[in-house]
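Taken from Swiss-Prot, the feature Zn(2+) 1 binding site covers Cys163, Cys166, His189, Cys192, and the record attributes it to sequence analysis. Summarising the annotation, Swiss-Prot assigns Zn(2+) 2 binding site to Cys179, Cys181, Cys205, Cys208 and lists sequence analysis as the type of evidence. The feature region 'Disordered' is assigned by Swiss-Prot to 92-136, 324-372, 390-410. Residues annotated as signal peptide in Swiss-Prot: 1-18.
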Amino acid sequence: MLMPLCGLLWWWWCCCSGWYCYGLCAPAPQMLRHQGLLKCRCRMLFNDLKVFLLRRPPQAPLPMHGDPQPPGLAANNTLPALGAGGWAGWRGPREVVGREPPPVPPPPPLPPSSVEDDWGGPATEPPASLLSSASSDDFCKEKTEDRYSLGSSLDSGMRTPLCRICFQGPEQGELLSPCRCDGSVKCTHQPCLIKWISERGCWSCELCYYKYHVIAISTKNPLQWQAISLTVIEKVQVAAAILGSLFLIASISWLIWSTFSPSARWQRQDLLFQICYGMYGFMDVVCIGLIIHEGPSVYRIFKRWQAVNQQWKVLNYDKTKDLEDQKAGGRTNPRTSSSTQANIPSSEEETAGTPAPEQGPAQAAGHPSGPLSHHHCAYTILHILSHLRPHEQRSPPGSSRELVMRVTTV
């Protein structure tokens, strides 16, 4: 019995001595530092648990817009402002809601004695609910001012006339009304119209076919001349017209010299030169046809170049002058009445009520119906002049929408 007991005591003594020696060999400062860190962390953990579990829950702030606050949002709002600490900049989740509260007067400030924090001392800053309500009121006022300014700008933009080419207002320059068009395509800037004429090569409106009243002031300095953009087809047309003109001049000059010169008498008697005369005559006819065919295109290109390299002044549309010009044109062309009678049928109702367009400008002017007859006469003369207008490509009746889009997209 004594031997096992002695062995057990011997084993216990050896273990104690071994642990003691290990404690002597281990670095004491490092072990003490680890123990101190562990104690500090445990103490901080217990303090945090005491703060979050043993404190009383704060009262939920009343909503400013009068609607009951959702339970999820009220459950999240559990951290009040803690004076000048790290929680003073925290805002409740009520500000994140998508709805904007209506502007209401801010609540009266609380007395200093009633504003206390959870630890019994006076708070140094107002609660988070007051700060959030003030910020929401400022945000609502700013939104209201922005909406008012946007509405006023839209209203003023709808009343302000715009250029039908660049879609800018009078701040970019003086707006003119150079043709009969009305509505949103009535006004345009003078530089925009000159640039449009230089790109299109036509000096009349493509909607109402009214020829712009443009006065040439002066030509620019040759050092300031600008080149216009040409397509491949336009370049070929210009080259063909120039080469055809040069060949025609040279050929006609040689034919005239060989026909009337005494020194070329032997050429006129030679068979080979007689064949050349026939070939040159045929080539001259071809060149004349080429020049006639490409002449209008080259003339439009020249007018485009002239619009860019000359200073112009565009006049506004004068309705009275336009009507006078149409009446004068109707008097100088009396044969237009017969052509309109063949193209436009008349009816008994038009004859009884208003003068028909085919009755001629003299009868329309003497009819007692007044301004209506003048309008009929004006539109009839305009229609006739548009048919008699030379070297102008007429668009089909269904292409008016395309023309409007071309005007508005430049």
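Every residue, even glycine, has its Cβ placed from backbone N, Cα and C.
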Cys192 (Zn(2+) 1 binding site) falls, by DSSP collapsed to helix, strand or coil, into helix
Least Cβ-packed of the binding-site residues Cys163, Cys166, Cys179, Cys205 (other Cβ atoms within 10 Å) is Cys166
By the 10 Å Cβ-neighbour count, the most surrounded of the binding-site residues Cys192, Cys208 is Cys192
For Zn(2+) 1, residues beyond Cys163, Cys166, His189, Cys192 with C-beta within 8 angstroms of the site's Cβ centre include exactly Arg164, Ile165, Phe167, Gln168, Gln172, Gly173, Leu175, Thr188, Pro191, Leu193
Counting only residues outside Cys179, Cys181, Cys205, Cys208 in the same chain, those with C-beta within 8 angstroms of the Zn(2+) 2 site's C-beta centroid are Pro178, Arg180, Val185, Glu206, Leu207, Tyr209, Tyr210, Tyr317
Cys166 (Zn(2+) 1 binding site) -> DSSP, reduced to three states, gives coil
Cys163 (Zn(2+) 1 binding site) and Cys181 (Zn(2+) 2 binding site), compared by Cα position, are separated in whole Å by 12
Sequence-ordered list of residues in the chain of Cys181 (Zn(2+) 2 binding site) that lie 6 or more positions away and have a Cβ within less than 8 Å of its Cβ, or none, is Arg164, Cys205, Leu207, Cys208
Here the Cα-Cα span from Cys166 (Zn(2+) 1 binding site) to Cys179 (Zn(2+) 2 binding site), rounded to a whole number of angstrom, reaches 17
Counting every protein chain shown, other Cβ atoms within 10 Å of the Cβ of His189 (Zn(2+) 1 binding site) number 23
If you measure between the CA atoms of His189 (Zn(2+) 1 binding site) and Cys179 (Zn(2+) 2 binding site) and round to the nearest Å, you get 13
